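Below you'll find the structure, written out as structure tokens, and then a few comments.
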């Protein structure tokens, strides 16, 4: 009898342990099964490589959407009041006659209030006691540093109207905020490919519409439309490709397209603008090619992870079979069957970003990631916008700072899987903050440009690490909307960027001081997030929550408590069954 009782206890214990393990397998089964499918179909096979190549136009479009506004709204540094009565004279003569001098040039926003008929008779410059008045008939621009007319020079958005420029740039990021929410939801609701097509078409329509604007309100409305596509026009493709690449190759797949395609677009744009020398034609050249995205559904597969997460298992299997054919590999039938069964059983819940915020560990993770991303975005954008005011040629300065994109992100791709996401976020953003802070105390020109290039190099690394890190932390059902939310936080931060740069008019070192202090302050938040180096992307909320609580610096105690509570509950069940 004691022997039978002992056997009964042992059988009950084993039964409960099997139930516990089965529950965990079901929660993570489709993720493990899909990773197994990808390992057989090829973690970076021919099809994935073709997808990486197809990211090229979208990386360039991303650069065009982001930075074209700088080249259509650049402000020529040398401008002064227009006096119609003197227009028949040479530029130097009419400027000397009508504009008061300053220490290093001429006043930009006032002119002498003189009788120009008498001045023309005598060709004598009004004396210093002559009254000055604001410009009455617009401005003249010397097209030297900016060798073509921009929206600013055509419409006179200088002096008392100079606030229109940061306003338009801020509205662009308001559009990015709206687009991030709308297209992120769309990508998780209807798929990555439809969202990618929609966001690129939005940029195309907004860019072409900008050409035909005549005033401020229609201009900022069109920039709002373009802003809706900012980031999403590339990131939807980025997420899609990343979901098909195995963990061993994910770092290269995530970073090299940004380095080569986005970085290449950044290097191409300034000289394209310089060569075209017409802001309207520039918008035609940079906006119209985005209409090619309409052909995307013909050759780009939808995410199998997303299809599985929405219960569309048959469509996912068809796509995986296509991968199998093009890669020249073979998925064992039992592996495919396991994926079909696990996906059918566990992925009908329709998890979303709301479920992420219902989980305390994931909610905290999102807050820390948002803070880091906001700082990276603000420092990055601030350094870009200050290219006009660092004391060297605008086109050369922009090119030099943009040239850091390729080597910095290439270096990141080499070391990221060795050093990890945490170190390569915390260290570079702190270093960028320190360099920017120091830049406030050196003279304009080459010293500031050197520090800006070094700061841009390091913030590129932190920025791109944060992009990949957030994608790897989020579960599949909320990955697009969660990534968009993180990026939306960056848009909110960059709304402040034009005004931070504009603050230079009140105190010259202020923009660099603000950006530097921000980098130093926020760098510590990265220490609170879990390392994702070499780990599978979570498929479910359960997996993501378990991962965050287990691997973050402040989550292990919470995880131990969860395990303890679960074990206590199982012990109580065992006692009840045994009794």
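Any Cβ shown, glycine's included, is placed from N, Cα and C.
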Task: Segment assigned the feature transmembrane segment in TrEMBL (from 324-343, 344-363, 424-443) - done: 424-443
- [ ] May I ask you to indicate which of 282-300, 301-319, 453-471 is given in TrEMBL as transmembrane segment?
- [x] 282-300
TODO: Identify the transmembrane segment range according to TrEMBL, selecting from 119-141, 395-417, 533-555.
DONE: 395-417
TODO: From the ranges 50-72, 73-95, 96-118, grab the one TrEMBL calls transmembrane segment.
DONE: 50-72
- [ ] Have a look at 164-186, 486-508 and point to the one annotated transmembrane segment in TrEMBL.
- [x] 164-186
Task: Long-range Cβ neighbours of the transmembrane segment (224-246) (under 8 Å; 6 or more residues past either end) - done: 35, 38-39, 43-44, 47-48, 51-52, 54-55, 58-59, 61-62, 65-66, 69, 171-176, 178-180, 182-184, 187, 192-193, 195-196, 199-200, 202-203, 205-207, 209-210, 253-254, 257-258, 262, 290, 300-306, 323, 467-468, 471, 476, 479-480, 483-484, 487, 490-491, 537
- [ ] Compare 164-186, 395-417, 509-529 by their Cβ pairs under 8 Å to the transmembrane segment (193-212) and return the stretch that comes out on top.
- [x] 164-186
- [ ] Return the stretch with the most CB pairs under 8 A relative to the transmembrane segment (424-443), choosing among 282-300, 365-383, 395-417.
- [x] 365-383
